Each structure stands twice: as structure tokens, then as C-alpha cells.
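Input: a single structure, listed below in C-alpha cells.
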Amino acid sequence: MKPQMINATPSRRSVLKGLTAGGALAVGGFPGFLQAQSSAPIKLGFQLHRTGIGAAYGRWYERTTQAALKRLNEAGGINGRPVEVIFEDDGTDPKRGSEVVEKLASQHGCDAIFGPLFSHVVIGSAPRAGELKVPYLVCSEGFHVASGMLNRWTLQPGITDVRAQVTAMAPWVTQTLGKKVTMVFPDYAFGHDHRDFFTAAVEAQGGEVIAQLAIPPTETSFTRYFPRIPAETEVLYHVMVGPAVLTFVKELGEFYGSGEKPQIFGFIDSLEAVDLASPGLEFLEGTHFWEGQCRTQQPDATEAEIAYRAAVGVDANGASVADPKDISTYSHMFSCWETLFILKAGMEAAGYQSTADRKKLVEAIEAMTTMSAGTEHPQGDKRFNGKTHQVFGHQFISRVEGGKLIRVHTTSLEDGMYDDMVDYTTQSF
Amino acid sequence: MKALALHLALIGALLAVQVVLPPYHYTNVARVMVLAVYAMGYNIAFGYTGLLSLGHALFFAAGMYATGLAVHSAPALLALPLGMLAGAAMALAVGLLALRTAGVAFMIVTLMFAQAGYLTILYYGPVTGGDEGFVLAREARMLAGLDLSADGPRYLTALAIFGVALLANLALVRSGFGRVMVAMRENEERSRMLGYDPFRTKLIALTLSGLYSGTAGAAYALMFGYVGASFAAIQYSILPLLWVLLGGAGTVLGPFFGALLMFYLIDLSSSVTDASNLVVGVALLVLVLFAPKGILGTIRERGARWLP
């Protein structure tokens with residue numbers, strides 16, 4: 001037998017453990033709240049954009065998650081254990097995001113963390129999640145997961161990424177609306193993803209992007225950009241986010257007035273949490289939008305989708321049932337609901353008991369392939385690629401009719417798929 | 001001697017306290033030490049020399065991006081000093097132009113330079129990662145054999161950088177040049193009449209300030225594995241000002257205590273209210289009304305006059 005070295009110097013952790021144990025004994029033996037491992041609640045951390053630029057999304061992400069949590073616990077929780085979700089505001093800031101990951105994992109002892117949307121927050125936080133070895137499930141639609149930039153612990157199983165979204169829609173846009181496209185997008189990474197992937201997808205369909213108008217992120221008025229839209233443009237593709245979105249859309253309407261205009265195709269990101277009936281948006285009548293999930297309840301809505309809408313508190317127009325002016329971020333927020341149920345499925349498949357099983361949880365999610373539409377996936381069925389940690393779902397194209405978004409096309413799962421750029425399963429934990 | 005002992009005691013306390021810090025606070029204190037280096041740099045310009053800059057995020061980001069980009073092809077041991085130099089060089093370049101102005105004009109010019117730097121980062125997205133930024137691989141974060149993605153080495157590296165920066169700061173403000181810096185803050189015209197060159201003094205002070213800021217940015221990138229444009233945005237120019245005001249402008253220890261208190265003020269308040277920024281605002285108002293010289297400044301005023 002090999003002799004073991006006994007280290008006389010206590011390590012930081014051993015001292016910490018000793019002090020903790022001593023403290024527990026000092027206050028009168030073992031506290032009464034200690035429970036058997038199997039009945040203690042599973043703790044999940046939610047990294048929430050409660051303040052900052054993502055606050056409109058954060059408000060609805062929290063409501064959606066609370067509704068999903070209620071449903072989950074009513075149905076018996078995970079592995080028979082109740083589930084608790086701890087929300088922490090990251091201010092939509094990458095530095096704070098990283099600190100929040102730390103807080104949720106180390107201070108609250110969460111089993112897994114999920115929920116962030118904004119790409120820079122995800123990219124800023126993912127390294128810390130990897131270091132802490134905590135499963136980090138993002139609801140971001142950014143291409144950064146499947147691009148291979150992140151790590152084994154970061155997954156996006158609840159929402160399709162932007163590359164797949166634009167790739168899936170390009171065939172319908174070029175075949176139905178026109179082949180000569182002008183793109184208007186914000187001049188930073190989110191806009192560049194649209195520029196690069198949509199341009200490539202349009203060209204693959206025999207179309208052509210004839211102009212690309214990049215709008216600087218500090219811009220507050222857009223009128224000087226619109227004259228640069230070529231007259232021969234058949235489709236104007238726009239995607240804007242941030243506080244100036246409403247101004248952008250209104251000024252676009254003023255630019256074209258009642259005159260002739262190209263077909264207009266926009267990402268609903270431009271108008272998430274914005275009422276289509278807002279003054280100045282009348283010109284959007286007859287234009288088309290991408291939607292991740294249809295804001296207006298469609299006549300063929302599934303029972304699962306109707307139940308989801310009711311559980312979250314969203315009416316048939318996509319607004320809060322408590323306040324018709326409070327418009328939801330319907331195209332994105334389903335990802336929180338679905339991610340929570342993916343955590344349930346993953347934990348149950350992994351036989352998850354404690355944080356020691358986090359690796360098993362990641363491996364269980366990586367092993368997932370198809371996700372069937374239903375209560376747990378109200379947006380629709382999906383296919384998960386365990387190698388790239390990215391899910392692929394259906395995308396919807398809707399037309400504005402009478403101030404409502406009416407679905408005119410649904411893409412197939414295959415429409416958005418692309419070659420793998422990474423195999424996370426080959427990376428070590 | 002008393003002052004040196006106090007500063008050494010703080011470094012010793014930070015070395016000792018790591019044994020009992022819970023994991024969450026262990027990383028937080030490491031983070032605060034790096035940010036305190038940034039605040040110390042700001043304090044050299046603002047607290048000691050009277051240069052109220054609104055553009056220090058540019059120097060922090062220069063260090064962060066120089067190191068973050070260099071580490072793709074060079075070892076961290078080379079990338080770290082490169083980031084430090086980038087912060088100093090950026091401050092020197094900005095100083096050569098901005099120090100032709102003073103007061104409000106200096107604030108605006110530095111703000112504009114920082115904004116131009118921020119937009120440059122966004123525009124050169126293929127190199128800088130734009131608004132999303134980029135992550136540093138674990139292998140790239142090995143500093144002379146120390147894995148900075150691990151808690152222990154990260155804390156000790158942060159402490160080493162903080163300790164050197166603190167003692168150098170103490171030596172600076174107690175040196176003859178440090179007194180000239182304070183003379184510039186108090187009465188530039190009189191200093192000029194005594195034969196000191198205000199432009200040269202302020203330029204050196206701003207460059208040293210940039211060196212500290214760049215060091216903090218470079219260290220932050222290596223320790224936390226992320227480089228992003230948000231660190232070049234306006235709020236990261238305002239934050240060191242707030243840390244310094246809270247801790248005590250013109251005190252060597254003030255920036256550390258300011259950064260520490262502000263960190264925990266935000267951390268604790270954001271757990272109980274959406275309005276954490278309001279809590280910070282109220283705290284600053286209270287400070288301005290009842291302790292305008294900050295925590296250490298007030299202590300110095302009320303007895304501990306030997307505090308540097």
C-alpha cells in the first residue's frame with residue numbers, strides 16, 4: 001500500500017468546513033430543518049434581466065417562469081421533489097451577470113442556472129458557469145452556443161438560434177416577397193449575425209441582398225438612412241432592438257407615407273413588448289414579421305398553447321390579461337417555460353440527487369434528440385443537437401391584418417439546420 | 001511608518017481572510033481588489049491631481065482588449081504587461097490632447113474620447129467581438145503556471161497585483177512628485193509660479209492613472225475570462241468616480257473601501273429590490289450631505305490626520 005502524505009497545513013476549504021460544522025454545533029446541534037436529501041427542494045437559479053436594456057423581456061421571462069414552476073410543482077416537481085426558482089437581477093450587464101451566476105451557484109447553492117437572453121450577458125457569464133461547473137441553460141437565441149465559443153456546461157435547449165431562424169425563413173421570403181432585398185440592421189454583433197446569415201441564405205435561394213444599411217447603435221433618428229434604400233428594392237428586411245425601435249418603425253412609416261413601398265419583412269424583435277396598435281404603426285398593415293411563437297392566438301392553436309397562454313396570463317392578442325396595454329415578449333418567453341421542463345426531463349433521466357450529479361445532468365440533456373409538442377413544449381416540437389448544445393424549432397411568418405399578426409407560413413425543422421461547428425461532447429468537464 | 005504599517009496590515013488581512021471567506025465572497029473580494037486597482041488609478045488623476053475625467057473606461061478597456069487579443073497568440077505573462085502598457089499609452093495619447101483643456105471641457109473631451117473608443121470596439125466586431133465580446137480559453141489564462149480560472153490562484157494573483165499597486169500608490173503620494181500633484185489640484189497657478197510645469201505633471205499623473213486602469217482591465221480579462229464592449233461604456237467611467245467619492249478622494253485606501261462597499265451595496269440591494277440603482281443614488285446623496293470627503297476622508301478630517 002502506498003503511504004499517504006498527511007498535510008499538516010489546513011486547506012482553505014477544510015478550515016471553512018470545520019468552522020461551519022463548529023458553528024452548527026455551537027448553535028445547538030443539528031438544526032431541525034435538515035431534511036433527507038431526497039425530499040429537499042431542487043433549487044434552480046434564474047439569471048434575470050430585471051433592470052437594464054432587457055427589462056421588458058425580463059418582466060415576461062419572470063412571469064413565464066413562475067407560471068411554469070407552478071405547473072411543474074403541481075405535477076409533482078422533479079423526481080418527486082419540489083422545485084424552487086431563485087431570481088437574481090443581472091442588470092442586463094455581463095459583469096454583473098457573471099457575479100449573479102456566482103451568487104446563484106455558490107451562495108444559493110442552485111443545482112442549475114437558466115434564463116438569460118442578451119448575448120453579451122450570456123458570453124460574459126458562461127466562463128464563470130464553466131469554472132463553477134454548473135449547468136447553464138440560456139434562452140438567448142444567439143449563435144454563440146452553436147458557434148463553439150462557449151463551453152460544455154452552457155446549453156441552449158429552449159430556443160432556436162438566430163442563424164437557424166434566418167436560414168429557415170429565407171426561402172419563403174425570396175419565393176413569396178421578392179428576390180432583391182435591402183437589409184436594415186443595428187451595427188453590432190446581433191445585427192451582424194442577421195446580415196451574414198440572411199445574406200448567405202438569400203443568395204443560396206437565388207436572391208440578392210442589394211444594400212445593407214447598418215445603423216450605428218447610438219442613433220436616435222433614422223430618417224437620413226431611408227433615402228439610401230435602393231428604388232429597385234423588392235423586400236425591405238429590418239431588425240432593430242433597443243429603446244429607439246419605436247422611433248425607427250414610425251420614421252420608416254413616415255418615409256414611405258401612403259406611397260408605393262417594397263414588401264416589408266421584419267423581425268418581431270423590433271416590436272416585442274410593443275403594441276401594434278400604437279399610433280404611427282398603421283403603415284405596418286400588410287407587412288410581414290418573423291415570430292418565434294405567434295403573439296395573436298391563431299384559430300388552430302393547440303390545447304397546450306392555449307393552456308400555456310392562460311397559465312402565463314396572456315390574452316388572445318398577446319397582452320397581459322390584467323392590462324391590455326402590457327404586451328408580452330411572446331416570441332421569446334416560451335423558452336423559459338420549455339427550458340424549465342427540459343431541466344425536469346434531464347434531471348429525471350440522470351437520476352439527479354444533488355450537485356454532485358451536475359455532470360450527469362449535462363450528459364442527459366446532450367442525449368436528448370426529439371422534443372414533442374405538448375404541455376412541456378407549447379411552442380411546438382423540436383430537435384436538439386447534443387453536440388452543438390442547440391435546439392431547432394419551427395419558425396413562423398405572420399402578416400399584419402387589421403392590427404393583428406396572422407400566421408401565413410410555418411417552417412420545417414430541417415429548414416433551419418446547418419452543419420455542426422463544434423462537438424461539445426468531446427470537451428472535458 | 002504608521003501609514004506603511006496600516007497598508008501592510010490591509011494586505012495581510014486580505015491574505016488571512018481568504019481562509020474563512022465563503023466561496024461566493026472569495027471570488028467577490030478578488031474581483032473587488034482588481035476593481036480597486038482601477039479606482040486607485042482614477043484616484044491618482046482625480047483625487048490627487050484634480051483631473052475629473054469621464055473617460056477612464058477607455059484606459060481600462062485598452063488594457064482589457066490588448067491583453068485579451070494578445071493572449072490568443074502570446075502567453076499571459078507577456079499579454080498582461082502589454083495590457084498595462086496599452087492603458088498607459090492610451091492615457092498618454094489622450095492626455096496630450098485633452099490636457100490642453102481644463103475643468104468641464106476636460107470632462108467633455110475625455111468623455112468623447114472614451115465614447116469614440118467604445119464605438120470603435122463595436123465597429124471592429126470581427127476583431128473585438130463587437131457588443132458581444134469574446135471569452136478567453138482556460139489554457140490562455142495560465143499565468144506563469146497559475147491557472148487563473150481556479151479560485152485560489154485567482155485570489156492570490158489579485159492580491160499580489162493589488163498589494164503592489166497599493167504600496168506603489170502610497171510611495172507615489174508620499175514622494176515629492178506626489179506633493180506636486182496635490183499642489184496642482186490645490187492651486188495650479190501658484191505651482192506654476194513656483195516653477196513646476198502643470199502640463200507635464202498632469203500628463204505624468206494621467207499616464208500613471210492609465211497604467212493602473214490598464215493593469216486592472218488586463219487582470220480582469222485574464223481572471224474572469226471575458227472581454228466585452230460594455231466595459232468601455234460610459235458607466236465604467238462613472239463607476240471609479242463613485243468608488244473614489246465613496247471611499248474618499250485623495251486617500252490611498254479610499255478606492256478599495258469605496259469599491260468594496262459599492263459592490264456589496266449593489267449586491268445586497270439587488271436581492272431585495274428592482275431599484276438597486278436608487279439605493280446607490282440615495283447612499284451617495286447621504287454621503288455628499290453628511291460626509292462629503294468620503295469614508296477615509298472623513299476619518300482623516302476627524303483625527304487620523306496622518307492617513308495618506
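Heads up, the Cβ atoms here are built off N, Cα and C, so glycines get one too.
Those TrEMBL annotations? Automatic predictions, nothing curated.
Residues annotated as transmembrane segment in TrEMBL: B:77-97 (among others).
Look at TrEMBL and you will find B:104-124 (among others) tagged as transmembrane segment.
What TrEMBL records for B:155-182 (among others) is transmembrane segment.
According to TrEMBL, the transmembrane segment annotation covers B:203-229 (among others).
Here TrEMBL flags B:241-266 (among others) as transmembrane segment. Sequence-distant contacts of the transmembrane segment (B:241-266) (same chain, at least 6 residues past either end, Cβ-Cβ under 8 Å): 3, 6-7, 10, 28-29, 31-33, 35-36, 38-40, 42-43, 46-48, 52, 54, 162, 166, 169-170, 173, 182, 185, 276, 279-280, 283-284, 287-288, 293-300, 307-308.
According to TrEMBL, the feature transmembrane segment maps to B:278-299 (among others).
Counting same-chain residues at least six beyond the ends of the transmembrane segment (B:104-124), those with a Cβ under 8 angstroms from any Cβ of the stretch are 51-58, 61-62, 65, 90, 94, 97-98, 130-131, 229, 232-234, 237. Same-chain neighbours of the transmembrane segment (B:278-299): 242, 244-251, 253-254, 257-258, 261-262, 265-266, 269, 307, counting only residues six or more beyond its ends whose CB sits under 8 Å from a CB of the stretch.
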